[in-house]
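Per TrEMBL, the features are:
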| type | residues | note |
| --- | --- | --- |
| BINDING | Thr10, Gly11, Ser12, Ile13, Asn124, Glu126, Gly210 | NADPH binding site |
| BINDING | Lys125, Ser151, Glu152, Ser181, His204, Ser217, Asn222, Lys223, Glu226 | 1-deoxy-D-xylulose 5-phosphate binding site |
| BINDING | Asp150, Glu152, Glu226 | Mn(2+) binding site |
| DOMAIN | 4-132 | domain '1-deoxy-D-xylulose 5-phosphate reductoisomerase N-terminal' |
| DOMAIN | 146-234 | domain '1-deoxy-D-xylulose 5-phosphate reductoisomerase C-terminal' |
| DOMAIN | 266-382 | domain 'DXP reductoisomerase C-terminal' |
Amino acid sequence: MQAISVLGSTGSIGVSTLDVVGRHPERYRVYALTAHSRVDELAAQCLRFDPQVAVVGTAEAAARLQQKLRAQGLRTEVAYGPQALCDVAGAAGCDMVMAAIVGAAGLASTLAAARAGKKILLANKEALVMSGQLLIDTVAEHKATLLPIDSEHNAIFQCLPHDFRRSLDDGGIAKILLTASGGPFLKRAVETLDSVTPDEAVAHPKWVMGRKISVDSATMMNKGLEVIEAHWLFGAPADRIEVMIHPQSVIHSMVSYIDGSVLAQLGNPDMRTPIANAMAYPERIASGVAQLDLAQIGQLFFERPDLARFPCLKLAYDALHAGGSSAAILNAANEVAVEAFLNQEIGFRMIDQVIARVMDKLPHGPVTDIDALIEQDKIARSVAQSCLTL
Ligand code: NAD
Ligand code: MG
């Protein structure tokens, strides 16, 4: 029996994780659930999974949750705030941590799980994009395990040699082929993109996800962040990570070997597959996802991405080439710009412009420790705010 802490349990990934957990009560129990503000949903999850601890964002939300749980006769301990997230991520009572908080808000708890030597199921790609080598080193130093939940990286993980040790050359690997759906605006006339609404941008053709990652998919910054994520997870240089548009999202990514073989992982687009894969690794468990019907799919389509249509993808490659804190700056600027777009403060085409301006303005330096990183993130956010109105 393994105990799991689900950080961000009310989000899209959190809900899918609990669906898989609920299918295997003999294997998994829940140690902690966390949510930022959705107290009602969190209370309902507590009622179903009876965790030891539940964490919310504020004292006020904690008081409301506490009242709801006690009214139901639950004894779940209620805590709040960023330190409580780190506490449940590193607690002795849990074996694995689903890192599914969105954005930089998930960095500290992901690092806490690494320092405590946990099995980390990493959905929160922004944490790795920001911290890069720092998180990889922390994982190694404390004998933690980092398993990718992002469907592409989980696919790559499944296509790699069993004894893969973060070296493409040792594994006989020529390159990694990261597939991308292209999002909702793959075929839309570029000159009309400025008038798209947040609701149009989050209407992803293949995946149902949180609002931030959905906008990232529309700009293809999501794929840019995933290129950086793949770099750190698999020790792959930028020029050996190729993005391939595959609008059907049937192949979730591929690994191309020097002997000419290309291994792919296929499946219906449902995050419960990579979640179940990482939770049970190296075993396999049922996830609730239907088997793929290849005859019904018939054909698979691919095309190369157009960087003029998707400037965010180029910005992410630029950040990866520049190294140091560039990726953290890119991520912070993107989070600010996406939120401003979702709040209808800026147009869709402004997102990449804001990020480009912040990257131009801010010198990047080495990422030495978490405090320096958080400081860089803060500065980049404030510069991004000032760029919104230009
Ligand atoms: P979501 O918006 O649906 O959920 C986010 C969760 O984080 C919620 O539970 C929310 O309460 C919590 N949260 C938000 N802000 C917080 C804060 N400041 N402090 C503490 N908790 C906070 O997002 P999602 O789609 O589930 O994505 C979560 C992460 O997984 C993201 O990093 C995303 O890039 C990654 N991811 C998601 C998918 C997907 O299919 N949804 C696929 C791959 C990767
Ligand atoms: Mg992905």
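Cβ coordinates come from backbone N, Cα and C, glycine included.
Automatic, uncurated: that is what TrEMBL annotation is.
Annotated features, which come from TrEMBL, shown on the structure.
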{"residue": "Gly11", "record": "NADPH binding site", "DSSP class": "coil"}
{"residue": "Asn124", "record": "NADPH binding site", "DSSP class": "coil"}
{"residue": "Asp150", "record": "Mn(2+) binding site", "DSSP class": "coil"}
{"residue": "His204", "record": "1-deoxy-D-xylulose 5-phosphate binding site", "DSSP class": "coil"}
{"residue": "Gly210", "record": "NADPH binding site", "DSSP class": "coil"}
{"residue": "Glu226", "record": "1-deoxy-D-xylulose 5-phosphate binding site", "DSSP class": "helix"}
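Among the binding-site residues Gly11, Glu126, Asp150, Glu152, the ones whose Cβ sits under 6 Å from an atom of ligand 2 are, in sequence order, Asp150, Glu152.
Its own atom aside, the Cβ of Asn124 (NADPH binding site) has 27 Cβ atoms within 10 angstroms in the protein chains shown.
Filtering Ser12, Asn124, Lys125, Asp150, Gly210, Asn222 by Cβ distance to ligand 1 (under 6 A) retains the following binding-site residues: Ser12, Asn124, Lys125, Asp150, Gly210. Cα of Glu126 (NADPH binding site) to Cα of Asn222 (1-deoxy-D-xylulose 5-phosphate binding site): a span of 10 Å. Between the C-alpha atoms of Lys125 (1-deoxy-D-xylulose 5-phosphate binding site) and Ile13 (NADPH binding site), the distance comes to 12 Å.
In this structure, the C-alpha atom of Asn124 (NADPH binding site) lies 8 angstrom from that of Asp150 (Mn(2+) binding site). For the binding-site residues Thr10, Gly11, Ser12, Lys125, Gly210, counting C-beta atoms within 10 A of each C-beta gives the highest total at Lys125. For the binding-site residues given as Asp150, Glu152, His204, Asn222, Glu226, the lowest number of other CB atoms within 10 Å of the residue's CB is seen at His204. The Cβ centroid of Asp150, Glu152, Glu226 marks the Mn(2+) site; residues of that chain outside this set whose Cβ lies within 8 Å of it are Lys125, Pro148, Ser151, His153, Asn154, Leu178, Asn222, Lys223, Glu229, Ala230, Ser253, given in sequence order. Residue pair Thr10 (NADPH binding site) / Asn222 (1-deoxy-D-xylulose 5-phosphate binding site) shows a Cα separation of 21 Å.
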